[in-house]
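**Student:** Supplied in structure tokens, the structure appears directly below.
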Amino acid sequence: MTDPILTARGLTKRYGKVTALDRCDFDLYPGEILAVIGDNGAGKSSLIKALSGAVIPDDGEIKLDGSKVNFHSPIDARAHGIETVYQTLAMSPALSIVDNMFMGREIRQQGPMGRFLRRLDKPAMERVAREKLNDLGLMTIQNINQPVETLSGGQRQGVAVARAAAFGSKVIILDEPTAALGVKESRKVLDLIQDVKARGMPIVLISHNMPHVFEVADRIHVHRLGKRLCVVNPKEISMNDAVAYMTGAKEAPGAREAA
Amino acid sequence: MSETASKGQDYESSLSGASQEVAAFEDNRKGLIHRLQHALHVTPALVPLIVLVVALLIFGLTLGSRFFSPGTLTLILQQVQIVGILAAAQTLIILTAGIDLSVGAIAVFCSVIMGQFSFRYGIPPAIAIPCGLAVGTAIGAASGWLVSRVKLPPFIVTLGMWQIVLAANYLYSQNETIRSQDIRAEAPLLGLMGVRFEMGGAIVTLGVVTMIVLVIVLAYALRSTAWGRHVYAVGDDAEAAELAGVDRHRTIMSVYMLAGFICAIAGWVMIGRFGSVSPSASTGVVGNIQSITAVVIGGISLFGGRGSIWGAFFGALIVGTFELGLRMAGANAQWTYLLIGALIIGAVAVDQWIRKVTA
């Protein structure tokens with residue numbers, strides 16, 4: 001089997017007396033969709049935040065493409081090609097769709113206006129943003145400059161996913177991407193996930209929605225009590241089993257860690 | 001699994017018959033009120049501009065050509081130049097969801113430094129002025145560091161800084177005023193901002209020009225550069241901005257340092273406006289409240305992330321127009337304060353209403 005693109009070994013994170021990550025391991029292979037499931041408080045979010053640079057683990061190491069990386073901020077992780085859509089979406093409500101999509105990676109104008117006056121190339125940013133949103137097929141946009149706060153929850157989610165899909169180069173992490181969406185919009189996002197996968201981009205998907213997980217995931221990482229309990233193949237087990245593993249109702253299938 | 005999965009998939013089969021139109025960004029609220037709300041949401045400086053124009057018209061109609069003369073109208077500009085510049089600094093801080101109570105104190109302290117460096121140590125004004133500007137920037141950097149790194153509330157940091165700077169100002173200057181005839185004779189550069197141009201009765205000083213240029217430059221930077229977008233994003237939701245890839249610390253530091261620098265410029269303008277350098281200038285005590293008043297009347301949200309610097313500029317002009325207009329009309333000065341008070345409350349009420357577009 002090919003080497004994993006993103007691995008973590010022995011990740012540990014403590015908040016006071018609470019151990020959110022307890023020597024946790026993680027593997028993501030090229031071109032796959034890996035779902036991470038786990039009960040509330042299992043440490044999924046801490047794991048994702050460690051991988052995306054939002055949290056600095058106390059111990060353990062993360063390797064991207066075989067070389068060790070140390071993320072000190074989400075900007076670091078992004079610079080390495082890891083894009084994350086957070087559950088909170090990380091958008092500035094009062095700013096426009098374009099501003100949000102290009103936050104932290106604005107395009108400057110060519111020529112002296114850009115070089116000396118640092119003027120942004122708004123037409124170019126608008127064009128790219130429009131393209132990316134159209135790729136997603138999620139929306140017919142009236143006004144790409146409208147503030148994000150005037151959008152519905154689903155539309156905001158769409159913009160956040162489009163942002164990650166547009167700029168991620170190595171890994172895309174999606175934290176509960178369908179949680180706030182209606183049936184139709186969920187379908188669009190799932191299609192988009194398949195779409196992104198088809199382009200060869202590996203995806204980490206955190207979700208509580210078992211039908212969604214079983215539909216798109218190639219492998220399922222079951223997280224329990226701050227560590228990886230097991231990795232299962234959705235084609236071999238039932239949703240009931242998966243839920244039983246993650247809640248501890250059923251013993252996990254032996255050592256399948258690296259499967 | 002196949003059974004569960006197919007059951008899981010079933011509910012979506014009914015989608016085939018559903019409308020294919022997905023989540024269109026259509027604005028279906030067509031009422032006049034909603035349009036107005038939307039327009040204000042997009043251009044928040046509209047409200048103070050309307051208030052300013054109405055105020056000018058009312059005073060113009062009641063006072064006639066006495067008010068509507070180039071001399072009177074430019075007098076307003078001269079009277080608001082210091083508050084206007086301080087309001088520009090205040091705008092930057094408030095856009096990041098902070099507040100700066102030390103703006104006036106920094107301005108006075110920097111004017112004292114420019115003056116004392118020139119007269120006590122005999123440093124040429126061409127060097128003493130940059131020294132003053134540097135001190136203002138440094139004070140801003142200290143506040144910014146405390147806000148960003150130590151995570152103290154801006155209100156507390158600048159409340160303390162206000163007292164510290166004001167006290168340092170009295171201690172350092174030994175409460176000594178530098179007289180205007182000395183400045184004119186020995187260090188005219190200190191009074192540069194007071195240089196006036198006259199055009200058909202209109203009198204414009206360099207200080208006024210500085211204020212207007214400053215507002216234009218900041219308006220450009222806030223609107224058309226990445227830095228400006230980051231200032232808004234940090235003020236709107238600092239955590240989200242950070243996750244989205246904004247360097248929060250750098251943005252906050254740059255804002256506080258720039259605000260300190262602008263306050264120091266206000267200090268230089270003060271020397272030009274008053275002619276002398278006085279450590280007990282009232283700006284040190286009331287400059288913060290005056291600038292916050294201008295910013296709030298200008299429709300800039302105290303919660304951060306919303307508003308434009310033009311609003312603060314118009315806000316300062318509104319206060320200046322009321323003060324001068326009511327004085328010319330012979331009204332008791334307390335009427336000015338009463339009206340300004342009503343305007344402040346009205347402006348914040350409008351801000352809350354505009355935010356309801358979210359819902």
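Any Cβ shown, glycine's included, is placed from N, Cα and C.
As the structure is a computational prediction, the values presented were derived from the model and not from experiment.
TrEMBL feature annotations, pasted as is:
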TRANSMEM  B:39-62  transmembrane segment
TRANSMEM  B:82-114  transmembrane segment
TRANSMEM  B:126-146  transmembrane segment
TRANSMEM  B:202-222  transmembrane segment
TRANSMEM  B:252-271  transmembrane segment
TRANSMEM  B:283-303  transmembrane segment
TRANSMEM  B:309-326  transmembrane segment
TRANSMEM  B:335-354  transmembrane segment
**Student:** For the transmembrane segment (B:202-222) against the transmembrane segment (B:252-271), do we get 3 or more Cβ-Cβ pairs below 8 Å once near-sequence pairs (under 6 apart) are dropped?
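**Tutor:** In contact, yes.
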**Student:** Would you kindly list the residues that approach the transmembrane segment (B:309-326) from elsewhere in its chain, counting only those six or more residues past its ends and only Cβ-Cβ distances under 8 Å?
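**Tutor:** Result: 44-45, 47-49, 51-52, 55-56, 58-59, 63, 67, 72, 75-77, 79-80, 83-84, 87-88, 90-91, 211, 215, 218-219, 222, 290, 293-300, 333, 335-336, 339-340, 343, 347.
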**Student:** Would you say the transmembrane segment (B:335-354) and the transmembrane segment (B:82-114) are touching, if the rule is that at least three C-beta pairs must lie under 8 angstroms and be 6 or more residues apart?
**Tutor:** no
**Student:** Sequence-remote contacts (6 or more beyond its ends) of the transmembrane segment (B:252-271), Cβ cut-off under 8 Å?
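**Tutor:** Residues 81-82, 85-86, 88-90, 92-93, 95-96, 98, 100, 102-104, 106-115, 129, 132-141, 143-145, 147-148, 183, 190-194, 207, 210-211, 214, 227, 231, 234, 277, 281, 283, 287 contact the transmembrane segment (B:252-271) from elsewhere in the chain.
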